[in-house]
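**Q** TrEMBL feature annotations, pasted as is:
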DOMAIN    30-162  domain 'Anaphase-promoting complex subunit 5 N-terminal'
REGION    182-202  region 'Disordered'
COMPBIAS  192-202  compositional bias 'Basic and acidic residues'
DOMAIN    262-361  domain 'Anaphase-promoting complex subunit 5'
DOMAIN    600-657  domain 'Anaphase-promoting complex subunit 5'
Amino acid sequence: MASVHESLYFNPMMTNGVVHANVFGIKDWVSPYKISVLALLYEMTSSKITLPERRRLNKLILPLQQGPDLTLGQFLKTVEECCPQTAYAVKLRLHEMADGELKDMEYFFSTLPTPFTAFDSEAYKTSVVGLFMRHMLLAYNKLSFSQVYKLYKSLQHYYHSHYAKPTDGQVCVPTLAADDSDMDLTSTEDTVGDRADKEELDTPLHESELRRGPLSQKQAEYFLARQAYLLKNDENKALRPAALQEELNNMLKFNPDFAEAHYLNYLNSMRVQDIFLSAHSLLHYFDRLILSGNEGKSNGDEGYGRSLRYAALNLASLHCRFGHYQQADLALQEAIRIAQESNDHVCLQHCLSWLYTLEHMKGSESTVLTQDSVKMAAHFCLPYLGSLDIQSLVQQGAMQGKAAHKLMDALKDTEILHWKHSLSELIEISLAQTTSIWRMYGKSTMALQQAQLLLNMSSLEPVNFGVHQNNTEAFAVALCHLAELHAEQGLYSATSEIFQHLKEQFPPHTQHSKLWMLCDLKIQFERHMNNRKYHLAEPLVKAMSALNKTEGLYRKAQVLKALNRSTEAYSILQQLQVHCEKTKCTEIIIRVMLSTAELHWESSSFSTALPLLLQALALARQHHLQSLASEAILHLAFTQLMLGIPEQALTVLHEAMEPILAHGAVIDKGRAMLLAARCHMAVAGQHSAALAVDGLNEAESYFSRLNCKERLRDVHYLQAQLHRSLGQTAQSNKSAMNFRLLDQELQSPAPPVFMQL
């Protein structure tokens, strides 16, 4: 059977690799809550527990010992979830002491196995349990008789406050008089029954762990470590920014030189994009770190210099995040200078990685710098940095139009590195990046496969505090891609479920919430535009502009074009094209060209639109953007149809039909089939007419799936015309009736069907 010390090896005097020299006083160790924990350990060593229950209790011991003091209700509820039998035994043990006499508590301490003599129990002197029991026994033996009596009275208050009100038929136990509120031994907790907050029984522990006054050094370190872990892995379970800020302010009020509190304050400020406070807290963190000399193995001049260069490097990354490129460059140059003076190659490698990141963010060419960084990372055996550099190269290659197989080969090499060194965070990032690349290249099936692989992957990270490792940015990106893929196929109910999950996992106050917010707005906008409900799509433009200015401008131009405000739409499109050419955003450039060509259609300048469409098609093929290339071919075929060459339009359209039907959205499939039917209608012949009928029927099924009534009205209009020309009166009348019903329902004038795609 697994022993406690085998599963818990954490050194209670070490937090985040920093040794704290202070020795905790007696009041940090002897308290009614600690006696409850001691009773739990005693019952674990003296009773028979199944192996699964013992493992659950082993995981619970360290949070109970190092965490803030809990009420008896919280403590028993926590233990009962792991092992109901042990929780009942602990309750009986506390009942014997609290309802008995002082000698009962003394007898309990005398029967405890000592860590130095109990070799046959789990209380080894080198284990977490042994260290805890040793501190408790030493502290208890140092107490005077009056202090022991006060501790006993405090234990009675602690126990009886849980039963102050009758629950489930229990008899109400009168609360004892609070005559020891000034007791030094229990100054860190509120044990008086009248002050016990009964609502805390159903409150998450992290929301009430600082409500009982100032914490001890150990409790404060545990709180900081826990909140920092949650901010990194599951921000939703951490305290909200305002609440965490309040707790940190209270903590720094008692100890302004607490470096770890300043660093957590920096992380919390980053969540709400507070530029001033984040920079202020980061600088205070390194100042306190230097003053305290907590540099691990390096102290003195080396420790001072090490803190300075990493302080400058962190400041550069902070300015990069907020887009302050000039300040970031100055901080980065300072970090490089100090690292070169100290001959710190690891710090220089970090600086090189941030240097190419900064150049890339400024829009400069940084491929050579990235390649150099990969070589240096391999030379200094830094797999994490090397993998990130390769992933950055892959991202740059995708933006530059590299072939998909070359990018996937590069990612395959990094995945070997990830699994070899168990870099689970980078595995998640790699899968999310692969999903995005396949989506950009228009391969929806491959994107769906990669997203599902990420969501079903078991993380290699140790799971603490109930974190399931599914609240990272990579998971948010994968879920957003899944939502878009479902929306493209008309599965809006499934899309709503995905967004509901995203809202729960990434609430609006979290840092990754902007991803699903923008994704949700884009899906709603496209849905309204497909249904030609422009009055509903227009209000969404402002919300998208707040999250992404480029996307907002493009969507604004689309709405203006749909509302026949061509001059304003053209001005915005030209402005957007100039901006995207500077930032090398190829996808938006192609979409702007297609939208500009549609503006030429409105003035019947179809020949003028041809050069733009050919340029967009060439750019899409050059960058291997299959979905945009298919979209350009649809526009090109429609232009040729309007120019009176339907045979050529059909020839061109056949090139795009296969990828659209295989990977395209339902709306694109319907548009392609409708365009093909119109081309067949323009070509004389019985065979072409039969193909046109089939095409219109298939387009009708696609538009019906999306409930696009405006487009269904166009289909019924064309069906009525086609059946009338073929002499099929019954089918023609049926299509005409469907058209009439939809026209009355929509109550809006139908745009000329032959002048739009």
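Indices start at 1 and increase along the chain as displayed.
Glycine is no exception: its Cβ is also placed from the backbone N, Cα and C atoms.
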**Q** Taking DSSP states H, G and I as helix and E and B as strand, how many residues of the domain 'Anaphase-promoting complex subunit 5' (262-361) are helix, strand and coil?
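**A** Within the domain 'Anaphase-promoting complex subunit 5' (262-361) the tally stands at 86 helix, 0 strand, 14 coil.
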**Q** What is the number of residues in the domain 'Anaphase-promoting complex subunit 5 N-terminal' (30-162) that are helix, strand and coil, as DSSP sees it?
**A** 99 helix, 0 strand, 34 coil
**Q** Would you mind giving the whole-number mean pLDDT across the domain 'Anaphase-promoting complex subunit 5' (262-361)?
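**A** Reported value for the domain 'Anaphase-promoting complex subunit 5' (262-361) is a mean pLDDT of 80.
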